[in-house]
Amino acid sequence: MWTKLKKLQNVDDYNKFLDSFETFLFDCDGVLWHGNTLLPRTRETLDLLKKRGKRIIFVTNNSSKSRKSYKKKLESHEIPAEEDEIFGSAYAAAVYLKQVVKFPSEQKVYVVGEEGIEAELDAEGIAHCGGTDPNDRQPMTAEDFETFDQDPSIGAVLCGIDFHFNYLKLCKAFTYLQNSKTLFLLTNDDSTYPSHGKKFPGAGSISSSLTFSTGRTPKSLGKPYSTMMDCIEAKLKFDKEKAVFIGDRLDTDILFAKNSNIKSLLVLTGVSTEREILADDAKILPDFYINQIGDLYQVDDKGNV
Ligand SMILES: O=C(O)[C@H](O)[C@H](O)COP(=O)(O)O
Ligand SMILES: [Mg+2]
């Protein structure tokens, strides 16, 4: 096995890498796709791994979709996947509230986020409000300034990526978080995410408005934190010695792999760059890196399967 940071760049490297692992855990945004566009040869590479008897697990911080919706998205790209092989930060947050917090049935979670969070809370039988409710997607009125107040029935504020974030939601979440007993949870705190070949503000850039205004420090449940791996290991058994995490972000994916004691491969199709990992002051280093995941397919392309 290689001893230091290794760029995979030829068929021998790809073959040696593939032969070193049994379980391949894949981040999604920036590794498999940008938005709804697959990155080059993603499907062929996943198919090659299956042909070689490898296990594939998907692990995404994107809380906008539930595991069910991700299964549909993967299948829409002809990538077969079982719901139990997909782990999203919305799922991790719902499991945490149910199994760790033992969230009281008479309380609700105020959601700053999309249907992914709502669906996973529903699956765990946890009541919620906000989220995709059209009433929360309205401008603040003068009456709202009058009426907004703490609500003891709100036991937690859970914040993820919210493509409809607005001042009204910010004020509601802020108001509920004035009660120190109200839990402040994040599905993830990614500053940005890659889409359409560019970067856009991520969930962490949304929740930072709450962190800054409330002065409270939230608990984040996605990568790089341990809750996500706890969820995976509660469902699936695999040998960590023969597992590798493949991601595009140093501060979430690669750090998650390190925190989970598994090897890591950074792809250069997402957020983190080669310059960052070659810098003298690089703090988080993957074990391997590669230009794009589809390069691994070249072993098949040349018939060297
Ligand atoms: O919440 C966000 O900012 C993005 O959805 C998240 O960064 C993307 O998740 P990934 O699949 O890269 O973990
Ligand atoms: Mg990513």
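Placed from the backbone N, Cα and C atoms, the Cβ positions cover glycine too.
Note: TrEMBL annotation is automatic and uncurated.
For ASP27, ASP29, ASP248, the entry in TrEMBL reads Mg(2+) binding site. For ASP27 (Mg(2+) binding site), the same-chain residues that are 6 or more apart in sequence and have a Cβ closer than 8 Å to its Cβ are VAL59, THR60, ASN61, LYS223, PHE245, ILE246, GLY247, ASP248, ARG249, THR252, ASP253, GLY270.
Marked as active site, proton donor by TrEMBL: ASP27 (among others).
The secondary structure of ASP29 (Mg(2+) binding site), as reduced to three states from DSSP, is extended strand. The local packing around ASP29 (Mg(2+) binding site), expressed as other Cβ atoms within 10 Å of its Cβ over all shown chains, amounts to 23. Per TrEMBL, the feature active site, proton donor maps to ASP29 (among others).
The annotation substrate binding site is assigned in TrEMBL to LYS223. Secondary structure from DSSP puts LYS223 (substrate binding site) in coil. For LYS223 (substrate binding site), other Cβ atoms within 10 Å of its Cβ number 31.
Under the three-state DSSP scheme, ASP248 (Mg(2+) binding site) falls in the coil class.
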